[in-house]
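Quick look at what TrEMBL lists:
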BINDING   107, 109, 113, 152  Fe(2+) binding site
BINDING   107, 109, 113, 152  Ni(2+) binding site
C-alpha cells in the first residue's frame with residue numbers, strides 16, 4: 001500500500017486549482033471515438049483507482065509552463081531531459097487521420113508516456129486489471145503520466161484539437177507495441193509492480 005499512497009500524492013492540490021480531472025468506465029459502442037462513451041448510469045473512476053493502475057496526474061500552469069516551478073521539480077525528480085510540442089488537429093498534424101488511427105490502437109510502450117496539455121483536450125483510455133476500459137479526460141493544464149507496460153490509447157474529443165508537450169527520459173522513444181503483448185518483459189513488469197493489490201483483493205474474496 002505504501003507504493004499506492006506515494007502515487008496518490010501526485011494528485012495533491014488539484015481541486016484547489018480547478019475542477020479535478022475526470023475519468024469513467026466506457027461503454028463498448030462503435031460510435032465515434034471522440035464521444036465521451038459514458039455507461040448508463042455513469043460510472044466514475046476515482047484518482048485512487050488511477051493511482052493503483054500507476055497513472056499519475058498534476059494540474060500545472062499551461063500558459064507559463066516554461067517557468068512552472070512544479071513542472072521543473074517533476075522533470076528534475078523523474079529525469080525528464082527531453083521535450084517537444086505537437087499539435088494534434090486536422091490542419092496541423094501531417095497524415096492526421098492515419099496518425100489518429102495509430103494513436104487509438106491499443107498498445108504499450110517500453111517507457112512512460114508523459115504528456116502536458118497546453119491547449120485543447122482529449123482522452124487517454126487505459127485498461128484496468130479486469131480488462132475494462134477507463135476513459136481519462138485531459139484538458140488544458142493536465143499533466144498525465146502512464147506507466148510503461150499499461151495497455152492504453154489516445155484520441156481527441158469533440159473539440160478536435162490538442163496542443164501537447166511530450167516529455168522523455170533521454171532520447172525520445174516512439175515505438176508502440178500493439179496488443180497482444182502479454183509476454184513482453186515490460187508488460188510483465190508492469191503487472192508485477194502494480195497488480196499486487198488487486199491480486200490480494202481476489203484472494204480475500
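Glycine too: its Cβ is placed from the backbone N, Cα and C atoms.
Unlike curated records, TrEMBL annotations are generated automatically.
Shown here: features listed in TrEMBL, placed on the structure.
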residue : record              : CB count, 10 Å
107     : Fe(2+) binding site : 19
109     : Fe(2+) binding site : 18
113     : Fe(2+) binding site : 21
152     : Fe(2+) binding site : 23
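Each of 108, 146, 150, 151, 153, 176 belongs to the same chain as 107, 109, 113, 152, is absent from that list, and has a C-beta within 8 angstroms of the C-beta centroid marking the Ni(2+) site.
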